[in-house]
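Working notes, structure below.
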Amino acid sequence: MSSDPGYQAPVVTVSSSIPRRGVGDSVLIVPVVTRDDAAAVLAAAPFLDKDAVREIEAALKSLGATGGEGQTHRLVVSALPVASVLTIGLGKERDEWPADTVRRVAGNAARSLDKVAAVLTTLSALDLEAAIEGLILGSYRFTEFRSAKTAPKDGGLRAITALSQESKSRARDAAQRATDIATAVATARDFVNTPPSHLYPDEFAKRAKALGEAAGLEVEILDDKALVKAGYGGIVGVGKGSSRPPRLVRLSHKGAVRTRTRGARPGGSKRVALVGKGITFDTGGISIKPAANMHHMTSDMGGAAAVIATVVLAAKQKLPIDVIATVPMAENMPSATAQRPGDVLTQYGGTTVEVLNTDAEGRLILADAIVRACEDNPDYLIETSTLTGAQTVALGSRTPGVMGSDAFRDRVATLSQQVGENAWAMPLPEELKDDLKSTVADLANVSGSRFAGMLVAGTYLREFVADGVEWAHIDVAAPAYNSGGPWGYTPKGGTGVPTRTMFAVLEEIAREG
């Protein structure tokens, strides 16, 4: 269903029954639950007859299966026309199943079938969209840089048949929406997983442009000369140390219906600004990082990746709001031309900043982008970045921190939890602004304290948000990149977080304002 120039999702179809022909090489994924300390088939009717259910449950009993969440068993079932059945445990039986539980176990199932080309599933009877999303996200692979020696010989999951009793029109729309969302997440993952040798500011900008134009977006790119001329001191300053100059990319989805009078938006239409940090590699600059795990800094453009994927998704889903993404891109390198600790730069808009630590570079490029984004007079501003290591210390590897205007911050965090990305609202105490005082400039880019690092960074960014704009920043320093083992629908490497959160916010704004 994807027409993107990048990631191609499996083909998804929805059926009201198991086809009797053409599925001889397919695997049927069947959810089971824990019932009376044994595994019992769930969501069988009307897709599985009693003989098939009895055969599956008898086989599971002989294996001692309990139906615990994530527990899988591969079975050959003579009563069904498929090659085999994969049972996937949901855990203790309940009346309703949260969407992310369905999404997560679908991801587990897909990962356990990594050499299977075609699957069918009755998980979709529990939640059609969540099952499709989970299967696509769980089957994600990044193999672009594998040679013939190590590349997978199979093509991975290419076809999904979701079994559902939904009406044809509802099923078609749900399948397309789920495919589009999962494709957006996979696109963000691809960006994050692409090494900095191949994804530097100019190349990143070109790929963003290709995606944007394919989705019908308006695209603008400012090169290094244009950035200097326009006064983007933060982006220029961070990029000074690299031989690969910085860029600023603007992607615009004009979904709000215009009136005839001067192109004004009607009262019910909203404009949302998105800003994402695009540091294609971060050494820390002159304030250089430790060598251990520096290779993970290929993910320091995770915020930009998610923002680009989200605005493309908004266009594909034809959201009736304006969404304008402003994406600064730079490489933070040490060299004879790099900015130094103690330098003073002028952010776009005129604020002067004493750079006490060149490894606090993300906030410098974001501040420029925030000011530019606010010139579009948005109703809402959502930023995201791999902002601070302090996010990881405070919230761990899977929980983004959300800072911003109190009501909008809470709205973003709530929606993030609903879609399974599980962000947590964080405060911005007013007294932290005193920690950013400078004796030579308007602001310092870091405080002199090692405490509250995430909140101090958020306080810095707040200084650049225009009055009256509802604002939220999502810090995904650890959640954007999974350095551990895969789990659920989340692979090792780029995760695509917080693409689904931002899209959920955009959808709610489109519905409710």
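From the backbone N, Cα and C atoms, a Cβ is placed for every residue, glycine too.
The Mn(2+) 2 site recorded in Swiss-Prot includes K277, D282, D300, and the single candidate from E203, E213, E361 that the record places there is E361.
The recorded positions recorded for this entry are K277, D282, K289, D300, and the Cα of K277 lies nearest to that of R363 (active site). The Cβ of D300 (Mn(2+) 2 binding site) has 28 other Cβ atoms within 10 Å, all protein chains considered. Counting only same-chain residues six or more apart in sequence, the Cβ atoms lying under 8 angstroms from the Cβ of E361 (Mn(2+) 2 binding site) belong to V238, I279, D282, G285, A330, N332. According to its DSSP assignment, R363 (active site) is helical. Surrounding the centroid of the Cβ atoms of D282, D359, E361, where the record places Mn(2+) 1, the chain contributes additional residues within 8 Å, namely V238, I279, T283, G284, G285, S287, K289, D300, N332, T358, A360, G362. Take the recorded positions K277, K289: by the count of other Cβ atoms within 10 Å of each Cβ, the lowest one is K289. D359 (Mn(2+) 1 binding site) sits 14 Å from K277 (Mn(2+) 2 binding site), taking the CA atoms of both as reference points.
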